[in-house]
Amino acid sequence: MAPEPAETRSSHLLCGHADTSTSFLRAARSGNLEKALDHIKNRIDINIANQNGLNGLHLASKEGHVKMVLELLHNGIDLETTTKKGNTALHIAALAGQEKVIAELVNYGANVNAQSQKGFSPLYMAAQENHLEVVKYLLEHGANQSLPTEDGFTPLAVALQQGHENVVALLINYGTKGKVRLPALHIAARNDDTRTAAVLLQNDPNPDVLSKTGFTPLHIAAHYENLSVAQLLLNRGANVNFMPKNGITPLHIASRRGNVIMVRLLLDRGAQIDAKTKDELTPLHCAARNGHVRVVEILLDQGAPIQAKTKNGLSPIHMAAQGDHTDCVRQLLQYNAEIDDITLDHLTPLHVAAHCGHHRMVKVLLDKGAKANARALVSASVVFLFHTSFLFS
């Protein structure tokens with residue numbers, strides 16, 4: 001008999017390999033532990049996958065075969081191997097709602113915040129499919145509900161879209177235990193989650209819903225510097241000048257945070273540049289106190305009152321001096337701020353800087369012509385304040 005051609009022998013070997021791989025994957029999928037272990041003992045490549053990139057762990061996880069999952073992990077299968085769509089075993093278990101498998105995968109160290117090619121996280125998949133207990137478990141084990149898909153959807157957004165009310169409630173309330181709980185629109189504003197915000201505004205068109213502390217979603221967006229949600233809220237009619245009891249407007253917050261783009265947006269939408277808080281702080285006070293030179297410049301260019309006073313008589317230049325923001329002081333002086341402006345107690349910016357021990361600020365003010373011998377009502381000269389602060393600084 002003639003010897004078998006080499007290519008034929010090779011073909012048989014390949015077919016045998018393919019048959020073995022298929023048999024192993026079928027065993028994993030069906031939960032046939034004995035068959036799978038036989039293949040493992042015969043040194044099969046435990047990470048072998050089908051044409052879609054699904055390996056034994058993916059298949060066993062989908063079907064909820066806990067013992068199979070544990071044996072595969074014990075024998076060294078790669079926990080984080082992904083399918084062609086970028087899904088890990090945890091993604092697949094979450095999509096299928098396999099709580100026990102999820103617990104074992106997480107115990108083995110599975111990444112709860114892994115994202116597929118389109119940005120889906122295990123939490124997103126569980127929320128999408130209304131697997132409430134899986135959502136709860138993932139949150140308790142570090143899942144980040146702010147992770148968006150490539151289309152901008154978060155777990156909360158997809159749960160809202162699908163009408164999964166219990167999942168929505170869980171996502172909204174989770175992580176706020178012992179804190180002031182925020183309405184859903186505020187959470188969307190905090191997370192810059194425009195998709196969720198848009199869905200919420202479809203159901204309830206009021207963009208100025210209040211938190212328990214009296215702030216609107218626009219206040220929250222300004223604080224977290226989330227421009228996309230701020231634009232959406234303003235486009236839906238949010239009151240750019242809404243004042244809670246403390247008088248703080250979104251512009252006060254954006255100015256304090258130093259967000260140039262947010263400040264410009266709010267001003268373009270009609271924010272009141274001279275709005276005053278309960279303590280009579282203007283946005284310019286807030287920017288100056290925190291050393292935001294660019295915001296100070298924008299506010300001044302838009303006509304912010306440079307000599308506005310707080311209840312104690314502090315002007316923006318006092319605030320900049322208090323914060324040791326020399327560049328802000330120089331900027332204010334360029335716009336003709338009064339260098340020897342006084343508070344109700346006759347404190348000048350130089351008094352304030354000296355009292356705080358800001359030596360560079362003292363030098364800048366003196367170089368710009370501040371009066372060194374000005375006296376406050378508390379009968380302390382600048383020289384005395386400076387030397388006292390120097391001793392204790």
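Just so you know, glycine gets a Cβ as well, placed from its N, Cα and C.
Bear in mind that the values here come from a model prediction, so they are computed numbers and not experimental data.
Residues 24-25, 27-31, 33, 36-37, 40, 46, 90, 92-93, 95-96, 98, 100-101, 104-105, 108-111, 114, 116 of the same chain lie 6+ residues outside the repeat 'ANK' (52-84) yet bring a C-beta within less than 8 angstroms of a C-beta in it. The annotation repeat 'ANK' is assigned in TrEMBL to 52-84 (among others).
For 85-117 (among others), the entry in TrEMBL reads repeat 'ANK'. For the repeat 'ANK' (85-117), DSSP puts the residue distribution at 17 helix, 0 strand, 16 coil.
Summarising the annotation, TrEMBL assigns repeat 'ANK' to 118-150 (among others). Panel annotation: around the repeat 'ANK' (118-150), residues 85-88, 90-91, 93-95, 97-99, 102-103, 106, 112, 156, 158-159, 162, 164, 166-167, 170-171, 174-175, 191, 193, 195 of the same chain, lying at least six beyond its termini, place a Cβ under 8 Å from a Cβ of the stretch.
Counting residues 6+ beyond its ends, the repeat 'ANK' (151-175) has Cβ neighbours under 8 Å at 118-119, 121, 123-124, 126-128, 130, 132, 135-136, 139, 145, 181-182, 184, 187-188, 191, 193-196, 199-200 in the same chain. Taken from TrEMBL, the feature repeat 'ANK' covers 151-175 (among others).
Within the repeat 'ANK' (213-245), the DSSP-based counts of helix, strand and coil residues read 16 helix, 0 strand, 17 coil. The repeat 'ANK' annotation in TrEMBL covers 213-245 (among others).
Across the residues of the repeat 'ANK' (246-278), the predicted structure has a mean pLDDT of 95. Look at TrEMBL and you will find 246-278 (among others) tagged as repeat 'ANK'.
TrEMBL lists 279-311 (among others) with the feature repeat 'ANK'.
The annotation repeat 'ANK' is assigned in TrEMBL to 312-344 (among others).
Per TrEMBL, repeat 'ANK' is recorded for 345-377 (among others). Across the range of the repeat 'ANK' (345-377), the DSSP-based residue counts are 17 helix, 1 strand, 15 coil.
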**Request:** Take the repeat 'ANK' (246-278) and count its residues per DSSP category (helix H/G/I, strand E/B, coil), listing them in that order.
**Result:** 17 helix, 0 strand, 16 coil
**Asked** Looking only at residues six or more beyond either end of the repeat 'ANK' (246-278), which have a C-beta under 8 A from one in the stretch?
**Response** 214-216, 218-219, 221-223, 225, 227, 230-231, 234, 240, 284, 286-287, 289-292, 294-295, 298-299, 302-305, 308
**Request:** Summarise the repeat 'ANK' (151-175) by DSSP state, stating how many residues are helix, strand and coil.
**Result:** 17 helix, 0 strand, 8 coil
